[in-house]
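Taken from TrEMBL, the feature FAD binding site covers B:Thr178, B:Gly217. Under the heading domain 'Acyl-coenzyme A oxidase N-terminal', TrEMBL lists B:52-172. Annotation comment: TrEMBL describes B:174-284 as domain 'Acyl-CoA oxidase/dehydrogenase middle'. The domain 'Acyl-CoA oxidase C-alpha1' annotation in TrEMBL covers B:314-462. According to TrEMBL, the feature domain 'Acyl-CoA oxidase C-terminal' maps to B:510-685.
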There are 2 protein chains.
Amino acid sequence: MEPNSTSALARLAAVQNHLTIQPCFQRHAIHNDQPTGPADLARERANASFKVEDMTEVLLRGKENVEAMALAFQMIQRDPDLRMRAGHHHDLTRAEDREQTMRQIARTIELRKQIKDPRLQQALFTAMSFYSESFSMRIYVHEMLFKQAVTLFGTSEQQDQWLADIEAWRVIGCFAMTELGTSSNLRGLETTSTYDRATNEWVIHSPTLTSTKWWIGMAGETATHTVAICQTIVDGENHGINWFIVPLRDPKTGRLLPGVTAGDIGHKSARQGLDNGWIQFTSVRIPRQNMMMKWASMTPEGEFTPSPNPVLSYATLIPERFTLLGGSQVILSQSLTIAVRYGAVRRQGNHDEQILDYQTHYTSLMPGVAFIYALNIVDHELMTKWNEVAGYAQTDAGAFMREIPDQHGVSAGFKGAMSWYATEVLENCRRACGGHAYSSYNAIAGLIGDYGVMTTGGGDNAARYLITTLKWAQEGQEVLGSVSYLNDYKKVLSTSKTTLQDSRDLLHHDFVIDVLTWASAKKATEMGTILAEAGKTGFDEAWNTNQTELVRLADVHSWRYFLILYQQGINRHKHTPVYEALRKMGQLMSTFVLQKHLDLFLEEGYFDGSHAKMVRQLFLEQCKDLRKDAIPLIDAWAIPDFILKAPIGKYDGNIYPAYFGTVTAAQKSYEAPAYWHKYAHPMLNAKKSCKC
Amino acid sequence: MEPNSTSALARLAAVQNHLTIQPCFQRHAIHNDQPTGPADLARERANASFKVEDMTEVLLRGKENVEAMALAFQMIQRDPDLRMRAGHHHDLTRAEDREQTMRQIARTIELRKQIKDPRLQQALFTAMSFYSESFSMRIYVHEMLFKQAVTLFGTSEQQDQWLADIEAWRVIGCFAMTELGTSSNLRGLETTSTYDRATNEWVIHSPTLTSTKWWIGMAGETATHTVAICQTIVDGENHGINWFIVPLRDPKTGRLLPGVTAGDIGHKSARQGLDNGWIQFTSVRIPRQNMMMKWASMTPEGEFTPSPNPVLSYATLIPERFTLLGGSQVILSQSLTIAVRYGAVRRQGNHDEQILDYQTHYTSLMPGVAFIYALNIVDHELMTKWNEVAGYAQTDAGAFMREIPDQHGVSAGFKGAMSWYATEVLENCRRACGGHAYSSYNAIAGLIGDYGVMTTGGGDNAARYLITTLKWAQEGQEVLGSVSYLNDYKKVLSTSKTTLQDSRDLLHHDFVIDVLTWASAKKATEMGTILAEAGKTGFDEAWNTNQTELVRLADVHSWRYFLILYQQGINRHKHTPVYEALRKMGQLMSTFVLQKHLDLFLEEGYFDGSHAKMVRQLFLEQCKDLRKDAIPLIDAWAIPDFILKAPIGKYDGNIYPAYFGTVTAAQKSYEAPAYWHKYAHPMLNAKKSCKC
């Protein structure tokens, strides 16, 4: 990993040579070789309808945070242990990438001890998360998943025992949930924790191959501890799943402890700097106190009390799912920065147009731009609420248990709906860069790989929550939160046709929400009736026969609530100079959602053809309008070039020399490679008459 | 790359150890550790509605081809130069991957000389293309792109001069079309070929940085020659683009020739075994005869005759675009084999169901299965036609020029429409495997990366062709081929509502085609009117304002013709025992296309809500019905496990030991890595009181 300075210099010289010989080409040029990109971007920036700095303040929530982020980026760019060293990130071996990531972690933890301003501490972690997805995931595993298992499920004594060590990284924790044979289906997992009354210990055991804990971040090479979710066996009886802290490696030597077998998961589609691993436990003994005992508990006398509600054991899934909104912002904002800037710089066609001016181009990218803003705003709303709910775990168990179901429902629905669309946005970005996205040096391919870890279904769970709460509402119980509209389902369904007259109606938030409320209530009651008629015995089959429609229902429901939270969020910025731009993006997202489900409104006769055409037309106009602010909207995310690592997305728009320079710097030599002499030379020089 | 036999043996021992200790786990198992996969797949196979061998014969077109493929796979698996060596494919460095690919090429060419049966020769190349996308692309660049430039654009003397060397790989050719600044927009490319009357030579020159030839397969390290497409400058006048053969490297040494600068494109999202490269020409002189002169020509006396039709110079784009259908089959059939088998083996849920029985699961995969069959059948129809047309280039220039436009239109439309759906199928496959698709060892992530090279838009060009031919039809000219329905556009549009009464109507090929004909003619005339009204000066702007609808039009039109070609193709298999299965897949594809464009039929009032529900319901039923044959339909593609390289897609269904074995074999050691001591140890062992 250390740069070989001779070859690095040679490469640099080669690059400079390539760049400096360009001007002399000009003489023969039939096209002007002066780059048009910088002027294009300058013009786009001059025409911005708002001040970029104002928007950045909204995205980062205040001037102080903006300053902290700017300083954090500077710290990264200058610190030799934080910044990526010689050679391109994508040309590192897996071992080098692992080392680099751990070096960055160690340095960040060192820095955190020195930094007194908590804002800057946070900014440094955020900035590093934009810089490296492997870093981000390592931090996330230890500081979110491992730590939250202690804060959500541990007693205050247990928190006293563990939290200080976790915060100082005197332990490195991982999160052993997934198993080889059972992924998200937690009830079916096989690892057991069996209480041994003779010694007051839990015996952790992996009974089968499929019970191997799988994909566990940092289990491959680095974690010293894990929280493992296990079936809890007491006196031969299974009391369901609970969380146990199990030491994995000796912190002095890094060697695996007896009974623990753990290894590396090997090559993945991305995030090679993170050591995903697998773990098998063979009769590993841990003290009684290593069970997380806030909800379930085992007294020193051997008295076991199960959790009041099994759903509590899955509560870590909620912040895990909500992370999708933050993680998606990091990945999508970078991809869109690259694709939008490239679209504004690249010229093609009969009149050498900026390709971003093509309708199919801006309609594929601009809803994505609005989407990342919506993710930012909605994420903040959700996190504010979740922190409140998570706080109840310490202060008000009753409130905690009351709030958990809606948090489950919302997080599952959002994970499904938002990750699907995010994947589409990434694919749009990839295509918007043409062939150049195929080069690893333009980052998008890597970002798509990184995103892969975030996309698994969730829509089905959200539909279950909807159907259940609808039943409650039909029975006269008041339902709360994301499903509160079900309380009035009868009134909602008393109309059967939209009152839409003019496309301007679609600019009103409440109007759009009413359309989506109708569609969601309509589908929910239709499904509810079918499932009720199927009865208890026929339920699972009826569910499966209607699963496609149930997922569609969850999608409509989730987007509806997403739009509501967005509006709620931007209302907090009503008096800022960028409110108008935020509102426009919300309007575009609304039309986008309507267009996404046009077939449903048409099919149910709620819309007719003229309504559909109104929606489509408005969508095109809104995209075209927002396209004018494309570059400032992207600039406001303030992602420095060295973080982006994508020459075609450079801030100054002078992309080709940078791209060419990156590619030539990666070239080792211009000589024929050894294999050429071995395999190409004999073919090329075979005699023509040779019939061998 | 050579296996280190000591460590390989050690790794093997580690794997075997892991596998053999499994039985003793059983004692403690709460779940049975006996794999259910083999029994599941056996049952699926026993219930097949057709004989798999019969279907394989259809896919490969005859028993003799099936036998040749079986032998070819055996040759690959046994030949130490063809098969991949120690270590997993995804754990190779780029240099190792390059060497492996060239070794495979050299061996295949050697074998071709020995193999007397042309069927087996072909089978070996096809089998290798399934085995390695890098191999496949290297072969494709030389034997398709480079060679076709000679056969389509070269005179018979030029063919005599080059073809024998090409076939024996005494030259290695690449295809220099794309430039850094202008990708598919050939008219805008910048490389010049200027005629020097003093020496009767062409002077090839890259005037600007953006004129650098970019992405050129095999230009990075291996090609000795290229065909380069250049602006043809004679006596200061630009005569448009033509093709020129330019030597790049000395075949004795592999060194770049004077004036040629070429280098490697570096890390890409896939196909690391292919040396994509870039080329800059600095006043490179080539003889007059190196211009491909079938259509344009330069006499020894210096008389230049331009091509009769500039479109001819783009004719290589046609087979290049059609390759999408073949390439998609290779990649999608492997992804679907993995995803479908995994879906049948993996059990989850309340009743431990096969996940493939979930409605959302089989509806996402089964249309993909039908699609690869359709690609296979349609590809054959297209290739038969294209070979006929390409033959005219030698025998009947008039016929060649008459047929070329429809070939352009069809290939552009199919490239757009089919590549979009193929991308969706791949994403469905990825999600269908849950987290396990994120492991490189399960192949899907790599296949998605490989596919990236195939997806760029094409829909816009197809719409242009449609609008032009509609205008001809409206002027009374008869139009042919894919657009022939435009001749009757008035009659087609005399109805405005479907006659659909019963979902059984939708099982009739002609009925579905009529619906799509109506929609396509309706949209085409609507767009035609708008564009005609815009006039010549307003055309480009009107085009852009309606681009989204034009792309939708091209999609409907392309799928319509795709379904027609499929029906035409399966009619050739009417008397085979698998015709019924082929017909069912065609019916599912038809319903799929209708569902895809439901919003259009609804919006135009051609369908009402009840029609839409009929389509949706039929789609669900057809997917469920086809799911019964999922495994046999996949088995018929007959892709051996060693080709798939994906333990979760294993033929025998015993996936977990194989998957675990692959992962543990990639593990280098179970000791802490060096970086652990450097960066984790200091944090873990920091004193608690330390405030440093």
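Cβ coordinates are placed from backbone N, Cα and C, and glycine is handled just like the others.
Heads up, TrEMBL stuff is auto-annotated, nobody curated it.
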Should B:Gly217 (FAD binding site) be counted as helix, strand, or coil on the basis of DSSP?
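Looking at the DSSP assignment, B:Gly217 (FAD binding site) belongs to a strand.
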In DSSP terms, helix, strand or coil for B:Thr178 (FAD binding site)?
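Where B:Thr178 (FAD binding site) sits, the three-state DSSP reduction gives coil.
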Including all protein chains displayed, how many Cβ atoms other than that of B:Gly217 (FAD binding site) lie within 10 Å of its Cβ?
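Counting Cβ neighbours of B:Gly217 (FAD binding site) within 10 Å gives 25.
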How many of the residues that make up the domain 'Acyl-coenzyme A oxidase N-terminal' (B:52-172) does DSSP mark as helix, as strand and as coil?
96 helix, 0 strand, 25 coil
Which number gives the other C-beta atoms within 10 angstroms of the C-beta of B:Thr178 (FAD binding site), all protein chains shown included?
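Excluding its own Cβ, B:Thr178 (FAD binding site) sees 21 Cβ atoms within 10 Å.
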Can you work out the mean pLDDT of the predicted model over the domain 'Acyl-coenzyme A oxidase N-terminal' (B:52-172)?
94
Taking helix as H, G and I and strand as E and B in DSSP, count the residues of the domain 'Acyl-CoA oxidase C-alpha1' (B:314-462) in helix, strand and coil.
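Tallying H, G and I as helix, E and B as strand, the rest coil: 129 helix, 5 strand, 15 coil.
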